[in-house]
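Novice: Here's a structure for you.
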């Protein structure tokens, strides 16, 4: 199969390519990048006036498969991801059964091959059963195909266990993704502790509950010389802690999510359960710090933390509603609208944070447009506005606080291995 993308503004952060040109993919591989490529025998996409970049890579999502398929499964989750411009996703292990052994890791890999619309990479559980008591067989998980380790959804509260995990992970050259949360400080808090929680009469989850654990993990990473990735950073001090650790030479990368640079805890007004996430939405001061961290490189990656929940888990009182929101289909447009359009990031910097950097952190061979590499690409109009409509989401779940929002940059084409899976915004 030959696919020719003509006259698109091709942007690639690794090669420095930033011009209008053509891309020819043959049998899924990028064969040529240049002008006036022969169209004979090709399926042609006219990308005039559009940007062509490497496909997005999500380093943090929840596909809920196995065990929670009523919320999402590998088919519906990857359909949703493809619609949002993702060509590769790494899924967290908090499934049922947990992804804490070779069989479960291979289950995800094999099911993704038959049911998935894009590349799926499982993240293995750091501890057995996500209980934080005993390390999983890290070597077994790595050799089975896990691309990282995490107990995401719960913190590793035992500092000794985390220290050992870092030492073993270093031996197997695999990164730990840390969900930083001190449950004693959370103390059953439901949203950010502050003015809004007081107004709503809801128990608060203080910023130090996140920051204390970020500090602990940075200290342990510095001591063990391990590589650590801090998930879903949401606070000003959290950004400062990571910035200072990087200056000291700690091998740390960090991510945030679109809701942490677009929303504050004001979104919880009216007891809006679609704005209930973990870590919670913070204050405008924290949002500003997250944006600054993205600008100065402290925060390397934008992930979705796509967390689908059935309507029955959200359409309840705030106290018992599930944490999380869906993110695949709004992440890139939110980043374009709130980061690129205001001038906080260039489009090239955004591609770094949503494609190249997550690929590097996970050790994937993705995030670039080079001859000989798989043709994982997206095509989009930076200036076309659209309105978010949750009824059009491909995800089984619709728990998003962004319904009705006007955004820019919705992907028009998503191409995985040289094959279009989304064409003119329609999933094929």
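Glycine residues also receive a Cβ, built from the backbone N, Cα and C atoms like all the rest.
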Novice: For the Zn(2+) 2 site, Swiss-Prot lists 152, 232; sort out which one of 179, 259 goes with them.
Specialist: 179
Novice: Given the recorded positions 60, 152, 179, 232, 305, state which is nearest to residue 94 (substrate binding site) when distance is taken between Cα atoms.
Specialist: 152
Novice: Among the recorded positions listed here, 152, 305, which has the most company in the form of other Cβ atoms within 10 Å of its Cβ?
Specialist: 305
Novice: Cβ distance under 8 Å to residue 179 (Zn(2+) 2 binding site), same chain, sequence separation 6 or more: which residues?
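Specialist: Result: 150, 151, 152, 153, 154, 155, 231, 232.
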Novice: Give me the non-local Cβ neighbours of residue 64 (substrate binding site): same chain, 6+ apart in sequence, Cβ-Cβ under 8 Å, ordered along the sequence.
Specialist: 71, 72, 73, 77, 95, 308
